[in-house]
Amino acid sequence: MTITPQNLIALLPLLIVGLTVVVVMLSIAWRRNHFLNATLSVIGLNAALVSLWFVGQAGAMDVTPLMRVDGFAMLYTGLVLLASLATCTFAYPWLEGYNDNKDEFYLLVLIAALGGILLANANHLASLFLGIELISLPLFGLVGYAFRQKRSLEASIKYTILSAAASSFLLFGMALVYAQSGDLSFVALGKNLGDGMLNEPLLLAGFGMMIVGLGFKLSLVPFHLWTPDVYQGAPAPVSTFLATASKIAIFGVVMRLFLYAPVGDSEAIRVVLAIIAFASIIFGNLMALSQTNIKRLLGYSSISHLGYLLVALIALQTGEMSMEAVGGYLAGYLFSSLGAFGVVSLMSSPYRGPDADSLFSYRGLFWHRPILAAVMTVMMLSLAGIPMTLGFIGKFYVLAVGVQAHLWWLVGAVVVGSAIGLYYYLRVAVSLYLHAPEQPGRDAPSNWQYSAGGIVVLISALLVLVLGVWPQPLISIVRLAMPLM
């Protein structure tokens, strides 16, 4: 097939990030300069973000049999690029105190972002697998970047081994689906998997194994065991990327698969997904209750958030509102997580051994860093789904979609899970306003709000509050992504 100029415009974000990877690689080979390579990475990601406007002008199209560029792809590409930008911004002050090679960090983030963009545009099981591997492989290095710390190295080894096992399940499941359907394209799967075919044992086994592989990547129960350890062991900026870009890109491609291929039409698959969603919501929230480490707490919290999103995915066949719910929820989750992990990154920078991830480190933060404490409070309230924050809009949509689809026991799980979550989110928020210890451990720099990371955290807090009160701009953007499907 011939690639036209129109096709190249549609692929601009992918091409720009790919070019940035090459430029940063050559820059590292020429001369190691932390500031230069960080700047090149941020410029490349910003250029990719701006290029989405030109992609929108080009309109929806199938660029190759493996990739479809449309409003849906643009929305998820934008979210992945924003998360990658925030990760690079938080990493810069953290790496300033890091004595080993700094520059490769940005290279790995860019390659992972490339995988995220590929997933957002994937229209075929082959590009789905390539995208997942492209986002996972750099994360093995990023999680273990602080390799002189035993916990970071342990997290990296754990994530690598379990991720390899999950990829094996995913690939074998795809092979079984291909054996039964004769095609790997999402659209062709939708056409080939007619009435009754979804109950074929081979096909059910294939989709079952794919659920295992994707469930691991999304840290859904019972494939979640790596999550708290990896979140705790990874450097704070890497945990930011793991919690946001990685989850958003993979959930986006699963959403597209469910839209084109009638996977959710199978009663057996719907029941399995409903059980996974229920277990993720309840277990994730219950396990977070007893955590005194803020990164572990946010790790368990992410399990429950993916459970909430799964409710909207199960209800996908009932109407377009599910797509709106997922888009709105993921945007709220992105900004809330960027703010929360951003505060942890600011408190942990520059690198001085383990991160400031103990809840005790944040005790009395309000009395010497009042604005930072206020930002963290807003993020906790948003993650809890309190009204007047963006997190509430997403949770409201998920509940509305669940009610519309008559998924009553999952709606009940969302309500109970949110009530449990309120306790541990408020526990973090309250500790910020207690009396500070006489000898505080870690602290953010006094001028944190003037740093790039501080500005990102403040913008995230502002968006969470403004879009929580007036969500119409966000809803309009999410709706733009739907007619182009």
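Just so it is clear, glycine is given a Cβ too, placed from its N, Cα and C backbone atoms.
Noted in Swiss-Prot for the protein shown:
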type: TRANSMEM; residues: 8-28; note: transmembrane segment
type: TRANSMEM; residues: 35-55; note: transmembrane segment
type: TRANSMEM; residues: 71-91; note: transmembrane segment
type: TRANSMEM; residues: 105-125; note: transmembrane segment
type: TRANSMEM; residues: 127-147; note: transmembrane segment
type: TRANSMEM; residues: 159-179; note: transmembrane segment
type: TRANSMEM; residues: 203-223; note: transmembrane segment
type: TRANSMEM; residues: 297-317; note: transmembrane segment
type: TRANSMEM; residues: 326-346; note: transmembrane segment
type: TRANSMEM; residues: 373-393; note: transmembrane segment
type: TRANSMEM; residues: 408-430; note: transmembrane segment
type: TRANSMEM; residues: 455-475; note: transmembrane segment
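Same-chain neighbours of the transmembrane segment (8-28): 36-37, 40-41, 43-45, 47-49, 51-52, 54-55, 57-58, 61, 63, 67, 69, 77, 81, 103-104, 106-107, 110-111, 113-114, 117-118, 121, counting only residues six or more beyond its ends whose CB sits under 8 Å from a CB of the stretch. Residues 132, 136, 162-163, 165-177, 179-181, 193, 197, 246-247, 250-251, 254, 263, 266, 268-269, 272-273, 276-277, 279-280, 283-284, 299, 302-303, 306-307, 310 of the same chain lie 6 or more positions beyond the ends of the transmembrane segment (203-223) yet place their CB under 8 Å from a CB of it.
Residues 13-14, 17-18, 20-21, 24-25, 28, 37-38, 40-41, 44-45, 48, 62-63, 65-69, 72-77, 80-81, 83-84, 87-88, 91, 95, 131-139, 141-142, 145, 174, 177-178, 184-187, 189, 241, 245-246, 248-250, 252-253, 256, 260 of the same chain, all 6+ positions outside the transmembrane segment (105-125), place their C-beta atoms under 8 angstroms from a C-beta of that stretch.
Beyond the transmembrane segment (455-475), the same-chain residues lying 6 or more positions past its ends with a Cβ under 8 Å from any Cβ of the stretch are 85-86, 89-90, 324, 328, 331-332, 335-336, 338-339, 342-343, 346, 371-372, 374-375, 378-379, 382, 387-393, 449. With Cβ pairs under 8 Å as the measure, the transmembrane segment (326-346) is packed most heavily against 373-393, out of 71-91, 159-179, 297-317, 373-393, 408-430. Against the transmembrane segment (408-430), the recorded stretches 35-55, 71-91, 127-147, 159-179, 373-393 differ in Cβ pairs under 8 Å, and the greatest number is found for 373-393.
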